[in-house]
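Asks: Here it is, the structure, as structure tokens.
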Amino acid sequence: MYKIKHSFNKTLIAISISSFLSIAYATESIENPQPIIQLSESLSSKYSGKGVKLGVMDEGFMVKHPRHSSHLHPLIHQLTTPEGEVRIYDASYPQFEVNPVEKEDGIDLIPSLETHGAGVAGIIAAQADKTLGDGYSGGIAKGAELYVATKSYKRTLEKVIQDAKKELENAKDEEDEKTPSLDQMAKNDLLASKEKEMAIERAEWASGLNKLLDNNVFAINNSWNPFSISDDINVVDKFYQSIKQNKHNPLLQAIMRAKNSNTLLVFAAGNESKKQPGVMALLPRYFPELEKNLISAVAVDKEQKIASYSNHCGASKNWCVAAPGDLHVLIGVADEHKKPQYGLTKEQGTSFSAPAITASLAVLKERFDYLTATQIRDTLLTTATDLGEKGVDNVYGWGLINLKKAVNGPTQFLNDETITVTRDDHWSNPLASQFKITKKGDKSLHLDGENHLDTVAVEEGRLALNGKTKVKTISNHANLAVNGTEVEQNYSSSGQSQLEVLGKSGLIANAQANIHLAGSLKIDDKLTEKTEAGDVSATVVQLKDKATYQGGFTQLVENENLAKRGLIQDLYFKESEIIAKVNKPLTDEKADTNGQAGLALLNALRTTPIAYRRSWYNGWLQSALEQRKLDNLHYAVSNNIYADSLELLRSQNRKGLTQAQQHLFTAYHTPLQTTVWAEHLNQKQSASSKHTDVKHHQSQLGVNHKLADKTVLSATLSQQKNRLEKPFAQATLKQTALNIGLRYHLDNAWFSEATLQFARQKYQQSRRFASHQLGTAETRGSTLGGEMRIGYQFMPNQWIIEPSLGVQWIQTKMNGLNESGELATQTAAMRYRDVNIVPSVKLQRTFQLEQGSISPYIGLNYLHRLNGKITKITSNIAGKTLHSEATTKRNRQLNGEVGVKLHYKNWFTAMNLDYSRVKSCKPIWLESKCWL
């Protein structure tokens, strides 16, 4: 490790220990870092840190060394001293150092090329050369973009020697101590010193770091550090207690800028064989916010033991790892003409374990380009090979870095972390975390190892827990794939989420865990490749102990394997589990049209949210599939109650116009000029084969007036109520109608009639199954109609015989009918335009009494609707189409009427029986009238 020094300083000796061998020859064994950190050639060819920006703060880079990376970027920066001297710091400029050598006649200053930075940079990114020794492997991250900045300003060799002599003269007056005192160390310490010279040095390091940060580097290697002052951390803490208050320290400001820029800082621990590292590696102890961005580097030898010279991790253990420190590095040796001769030399020091770590960060950044700097750091730390005492210890920290393991993903996160995945990826390492992990990004992340997690939040994309996983709490707002995933406390999901089951078992709820289901569900297609009807494809949720679940799914993603074979995957919501089972469609060969439509709907509903939650319907579905017990639900879901009601309404509107014809007939053959009358009708229809009963009640108030012998006007206001009853439904149809009629007699016994009808209706219905309310709703509508009729009158022997033919046009409109309920239907607004042909014949005989008369009569009407044989409607339940049709056809209807009218003075009364014949329905009307 390079020690902070000027030309030389007796209290700050060079820490990078060099064997200073001559340039490596072909016979020499080369010490490469790759085997020790388990970076194989195949792995190195795959991940070389390509494109990752790294920084090195050092000096003596020897940028013309032929083994240097082609991606080396020397930087230039400048600094003005308090005296106004402008210093230029050019990393490409050759730099010299002088070494004092004691002789009999004094101390001689021997100059040499400074090569420390070259050795550091080479470990990171040097090109390989298999012709050197037994094979030089080059840098660990050959593809990295390497930015280098120096802390030594441009000086000629003469200037370097001159400055060294001045330092040597100043040093003669100081006590020559093997171990400097704490006060003397404080005077010369980079962070603690208040000396002017050290202030300038702090500014030099800060200026270089800031220049590197200007280039947006991912990590900065720092193979420099003040001496470790003590093995006792309490002594260290007391020594550096003042730095926390020094807010104007430019070096600390640069360090903080790196943290704010999400740049990692790697610091060599130092080479004093102390139990505590140098202060730069301890900075998170005094500034906890730095821990996520800093790594302390110790060195191990080729036996993977702590190197004899290396400081221990000590108090930096939680952010400390080890790497090889005994390596061959790039060097240049000046010849007699002071021109550099380039090659390799073997050196030792944490100066060289640090760049091995920095380069490894670049390799991991290329591998996990979507991870943050801290997450890359945590990956490197937590995948290290444990050395020394088990776990994170004071000597090795997390252990020896292991790239073979690290490229398979982190084994821990050391803070709450958000993983924003920008490409599909697999992590095969086991992952354990006591912190919250949040998955973001629209791509998939697969955790293939055995995982023990605290809190997982899936916010975006897909997280696949392929390996055996235990987790306390999961919140799923995107896509979570599980395979026997054990939940200890809680699983929650949103309506936009998807749960994907990868294996025979999905979620396992332990202890008192609660599973709250929502969103969609997907069963992996491979689970149904060989399944047959009746096979269980997966257990979606399994409850243990006192665990519970609630909610359900909005969708079960269609399975291609089953769809091709005409099979359906159903979910069975049971007390202690939710299973997915393969079944055939529901069938009933004996079902009628509405029953078949109901079956089609029920099969369609098996793929809707109604089927994907714990409910009576899901219980019925299980019974229907396992025991073939339909319980006539395929009839109950039908909306034929509405179709029957609309068919009845259309028929009723036709009958209203026909009644107006009867009123005109009665008024014309009444001796009074003006009559006012009231009428009440009751009807009961029964169609046993259709399981339909209709009760009809109607009250009318009318007025008739003869304008002349040939013309009669009639107006009728009616209120009617129909009650329909079916085994699984009931409906009430109310209507208020106004009919206005005109009868005019032509010449030669011909007559014509015209009638207009205006009506408003209100409709209510309720559908049920056992004790369950399937749906209930109400709606309103209107009717506009008219009839034109022409007839002929015969009057033989006091009989009145009137055959006639009418044509009706009726528009019936109903607003949309939208139910609420467990299987609610949604039906759009309806409009029917009917054209009816209505032939009719009426017979009446009048017998005169002393003060009145009695008139028996018979009427016969026939309706034939020209457009549409039967009312059909289309509804939907849960987005699935349901076709329903009326069970009683009323498009052709025969109506017979027998009655008697009694006239006494100015009073009239009438009673009649009305018999209507439609297919499978025989209604009887009982009518009473009172005329005045």
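Glycine residues also receive a Cβ, built from the backbone N, Cα and C atoms like all the rest.
These numbers come from a predicted model, not from an experiment.
The signal peptide annotation in Swiss-Prot covers 1-24, and the record cites sequence analysis as its basis. Taken from Swiss-Prot, the feature domain 'Peptidase S8' covers 25-407, and the record attributes it to sequence analysis. Annotated active site, charge relay system per Swiss-Prot: ASP58, HIS116, SER351, in sequence order, evidence recorded as sequence analysis. The annotation domain 'Autotransporter' is assigned in Swiss-Prot to 669-932 on the grounds of sequence analysis.
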Asks: Just to confirm my parser: what is the rounded mean pLDDT across the domain 'Peptidase S8' (25-407)?
Replies: 93
Asks: Return one of helix, strand or coil for HIS116 (active site, charge relay system), based on DSSP.
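Replies: For HIS116 (active site, charge relay system) - judged by DSSP and reduced to three states - the answer is helix.
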Asks: Output the one of ASP58, HIS116, SER351 that, of all these active-site residues, has the highest number of other Cβ atoms within 10 Å of its Cβ.
Replies: SER351
Asks: Provide, as an integer number of angstrom, the distance between the C-alpha atoms of ASP58 (active site, charge relay system) and SER351 (active site, charge relay system).
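Replies: SER351 (active site, charge relay system) has its Cα 10 Å from the Cα of ASP58 (active site, charge relay system).
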Asks: Roughly how many Å separate the Cα of HIS116 (active site, charge relay system) from that of SER351 (active site, charge relay system), to the nearest whole number?
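Replies: Given the Cα positions, HIS116 (active site, charge relay system) is 9 Å from SER351 (active site, charge relay system).
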Asks: Sort ASP58 (active site, charge relay system) into helix, strand or coil using the DSSP assignment.
Replies: strand
